[in-house]
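A.B. asks: Quick one: the structure is below, questions incoming.
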Amino acid sequence: MQSQNSNSYLGVTPPISVLESNAREKEVTMTLMEELRRQNTFESEEEAKTREIVLGRVAALVKKFVKKVSMDRGLSESAANAAGGKIFTFGSYRLGVHAPGSDIDTLCVVPKHVSREDFFDVFEPMLKELEGATDVSGVPEAFVPIIKAEISGIPLDFLMARLALSSVPDNLTLKDDNLLRSLDERCVRSLNGSRVIDEILRLVPNVQVFRDALRCIKLWAQRRAIYSNVNGFLGGVAWALLVARICQLYPNAIAGAIVSRFFIIMYQWSWPQPVLLKQIEEGPLQLYPADRAHRMPIITPAYPAMCSTHNVTQSTQMIITEEFKRGAEIVDRVIVGTAEWSELFAKHDFFHKYRYYLQVIASTANQDLQTKWAGTVESRLRQLVMKLEYVDSLILAHPFIKGFDQVSYCLSEDEIRAVAQGEISDVVASRKKEDIEGKEGASPVYSTTFYIGLAIEPKPAGAVGPRKLDISYPTTEFTKLVKMWDKFDESTMGIIVRHIRSSGLPDNVFDPGERPAKLVQKRVKGAGKSSNTSPDMPNKRQRSSQSTSDLPLKPSENGSTGSAPSLPPVAETFTPKDAKPPQLPFGENVAVATGAVTAQ
């Protein structure tokens, strides 16, 4: 399909407006770009040059890798040289919206006689030998197999796609759908990362306006803690698709106007009406059937079309929608001159927002193992959120977008148990690695703690006595689920789910000076008790937390789910406010975008 249809517009509907931006929109676009520079979202010229040099070296290394494997397979030197090999970038770097220090997503395209095993057995060691390369580590068992590395200070993520071709020439492009024929699903997924970005850039009316607006939306989503595909929010591709769609609807607008319309239209969008940049192409490879049933379907434009938002849950959709509304209200005030752009990028209030939180703590005694175990637990957190959504009187379960890592140096079994339960005493917290070296029974415990905020319905009028919120079923089912991981080992991996009050949140979730003083005082009162908690020694505090626990290094101790906690009335609520919802300017009709008015 051509980038522009017979009606000479981009997208699946006509534009909402083809007018150019007015003087005020141009003014606020200038202040937006100044704010984005102030927020350090642009890299220096020096870093940009380093990236280009590194990519040139990587491109040469991929050719060398293909030649080596070709020679090992018995090809002549001339045929091995002709086998080629090429890199393609994708992600934020290819989009042109990468920030300083961000990684480069790099796809290595190789001919048919180079296998995925070669990628890890031959290319990974070659990367390790490359001058300036550090922290090279392959993850062959990942959903999309990957090698992570840093070269001359630039982080890179390498993916591989093996084409059904005997050679990969320098002039190869990935646009031809026929390249996908007879490829395995992992190669299709890897190739589509690059193909999707190319299509997005082809389907927007003005690439620079798109990039400026996306840079703004990306920073906003990161600051508001809603930029995370794995945790049920939107990832980089989904945010890019949404911004691209608004650009199509306003082909002659500049970045400030695009950002303003973005928030209003996305707040009013008729989900599950899908967001499309072009009609879905037919072919033997089809949109996964389940993709049609998602809550917020945002469909990739490259064949085969895929849903980029399959992880969104009822709770995360509510949170994203609230953030669209907040964004619309702030940008409206920016345009009329009563607010600054910096207000849009204010840090999230996740750890101040709820009275109760769930802590999900994954722990092991080995750093490499912890990376894999914590990643496995995180990838299944969405399942816990969805189960919690069925609990009576729970309005929503709000997952935070990242885990908090800690290393605790323990001298005894009791300390190891307590740390795995999330109870880290001041003594353990202040201990260093050298304090436990050579001591019998001592061990480090690596832990990653994830948080889910619980929004609970207010107590009904006239109700008396405490209410019970029974979360035993979701937590028990979740721990069963994570233990089904084929590499799970009861003796070395711990998992616990428990609820804590906001006053019990640890200091490491707050920035320096961010924690309210009254919460610090509350925490000090109970700090002495927490270090003795273990499954063998249940105390009052342990019973008050809803937990499902297993401890690292203990082969036979299975924790159990405690009685459902009794919670006092809580005031968190996500009911819509009475304020009038954000509206587009007079004469602009959002129904054009949401499909109520369609192209002829």
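Note: Cβ is positioned from N, Cα and C throughout, glycine not excepted.
As annotated in TrEMBL:
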- 11-204: domain 'Poly(A) polymerase nucleotidyltransferase' (DOMAIN)
- Phe90, Gly91, Ser92, Asp103, Ile104, Asp105, Asp157, Lys218, Tyr227, Gly236, Val237: ATP binding site (BINDING)
- Asp103, Asp105, Asp157: Mg(2+) 2 binding site (BINDING)
- Asp103, Asp105: Mg(2+) 1 binding site (BINDING)
- 209-347: domain 'Poly(A) polymerase central' (DOMAIN)
- 349-516: domain 'Poly(A) polymerase RNA-binding' (DOMAIN)
- 521-600: region 'Disordered' (REGION)
A.B. asks: Have a look at the binding-site residues (Asp103, Asp105) and report the one with the fewest Cβ neighbours inside 10 Å.
C.D. replies: Asp103
A.B. asks: Quick one: Cα separation, Val237 (ATP binding site) versus Asp105 (Mg(2+) 2 binding site), in Å?
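C.D. replies: Distance (Cα to Cα, whole Å): 12 Å.
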A.B. asks: Could you state the CA-to-CA distance between Phe90 (ATP binding site) and Asp105 (Mg(2+) 2 binding site) to the nearest Å?
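C.D. replies: So the alpha carbons of Phe90 (ATP binding site) and Asp105 (Mg(2+) 2 binding site) sit roughly 5 Å from each other.
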A.B. asks: If you measure from the Cα of Asp105 (Mg(2+) 2 binding site), which of the binding-site residues Ser92, Asp157, Tyr227 is the nearest?
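C.D. replies: So, spelling it out, the nearest of the binding-site residues is Asp157.
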A.B. asks: Give me the Cα-Cα distance between Tyr227 (ATP binding site) and Asp103 (Mg(2+) 2 binding site), rounded to a whole Å.
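C.D. replies: Their Cα atoms are separated by 16 Å.
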A.B. asks: Quick one: give me the count of other CB atoms within 10 A of the CB of Tyr227 (ATP binding site).
C.D. replies: 20
A.B. asks: In the structure shown, which of the binding-site residues Ile104, Asp157, Val237 has the fewest Cβ neighbours within 10 Å?
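C.D. replies: Each of the binding-site residues Ile104, Asp157, Val237 was scored by Cβ atoms within 10 Å; lowest is Asp157.
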A.B. asks: Across all the protein chains here, work out how many other Cβ atoms are within 10 Å of the Cβ of Phe90 (ATP binding site).
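C.D. replies: Excluding its own Cβ, the number within 10 Å is 25.
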A.B. asks: Counting by DSSP secondary structure, give me helix, strand and coil numbers for the domain 'Poly(A) polymerase central' (209-347).
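C.D. replies: Tallying H, G and I as helix, E and B as strand, the rest coil: 75 helix, 6 strand, 58 coil.
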A.B. asks: Does anything in the same chain, at least 6 positions from Ser92 (ATP binding site), have a Cβ under 8 Å from its Cβ, and if so what?
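C.D. replies: Expected: His98, Ala99, Ser102, Asp105, Lys218, Gly236.
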A.B. asks: Beyond Asp103, Asp105, Asp157, what residues of that chain have CB atoms within 8 A of the centre of the Mg(2+) 2 site's CB atoms?
C.D. replies: Gly91, Tyr93, Ile104, Thr106, Lys148, Pro155, Leu156, Phe158
A.B. asks: Over the domain 'Poly(A) polymerase central' (209-347), what does the predicted model average in pLDDT?
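C.D. replies: Mean pLDDT, the domain 'Poly(A) polymerase central' (209-347): 92.
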